[in-house]
């Protein structure tokens, strides 16, 4: 059952986010104005994030209501009470002793007593994640103004590393030895794949490079771009590790987390866009004392060609997040990041098949290393599942003998 669930999650993530990537690429190019006399790029990352987070929270709410059990109240379905006892999900106590809850998000987190649960504490944890998410995306978007897209992809391909580092630094979580091997192999493989491409694959032509590096002529462009990218990666690592911590402390589902985090992301980004704040290079590039929301809506009105990819981007991102949080809940952030990183690999492999691109020997080597790393994870997980089944059968046999 666990293996079938993993296949279902992988298929959902790949299908939705391959489509999402196509829409995202379309959103990154200039759009022609309605009069056909000019074209311009859409630069409001907050507006894109708000559209996606709103639809994501809506889809999560619909999913929760559809899957709601008849015996559950609405508050319980939203994740604030234990589904079995009606008590707070992480604060159930008996005879003065705190119950402990374990969660198999990464297969290595130690059980911990849940003695400090409250709805306020859970909401604060959600708000922490929402804040990280709201600020992470604009930094990644801003980095592309200073560094090339291949450099951005290389940096994002190492996302497994900050996820593990943040888990260790923030929450003192330890992982099984094979997890470190998988992280190393996947990161190394994707780096080899991206680094050993042909010149046309690496740079996409001189025009593409110059278009993506608006500020590339400044003396400290690379340093600024790398700084933005490091901030983005650090926030991504904090997001994933905080989500793991929430799952280990509170008895909630992935869709409940998805609902509240995206709802808070929508509120935070909407407030930032509505206020007439001054221009902030990373967060509010269209500011100058006027509302970012007004500037974004004006752009959409003057460039109607953006509407279709914007809808596709938001809808596929929302549906994809259902699979993302399902994966996060049952398999942990490292498995999730492995899936999302390899999805980038499959995007490039699909491009090879559809557009008849040629891979260099180095790229085939990188692909082999990545799939070898995934195979290690799958082999260990399969052995763990088999061992659990054997243990359960032995326990059943003992009970029958008694």
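The backbone N, Cα and C atoms fix where each Cβ goes, glycine too.
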*Match it up for me: which of 86-107, 218-239 does TrEMBL list as transmembrane segment?*
218-239
*Could you tell me what the rest of the chain brings near the transmembrane segment (47-66), counting residues at least six beyond its ends with Cβ under 8 Å?*
27, 77-78, 133-134, 137-138, 253, 255-256, 258-260, 262-263, 265-266, 269-270, 273, 292-293, 296, 310, 313-315, 317-319, 321-322, 325
*Among 121-147, 259-284, 304-324, 361-380, which stretch has the most Cβ pairs under 8 Å to the transmembrane segment (218-239)?*
121-147
_Chain residues in Cβ proximity to the transmembrane segment (259-284) (below 8 Å; excluding those fewer than six residues from its ends, i.e. six or more beyond)_ = 44, 46-47, 49-50, 53-54, 56-57, 60-61, 64, 78-79, 123, 126-127, 129-131, 133-135, 138-139, 142, 228, 290-293, 296, 321
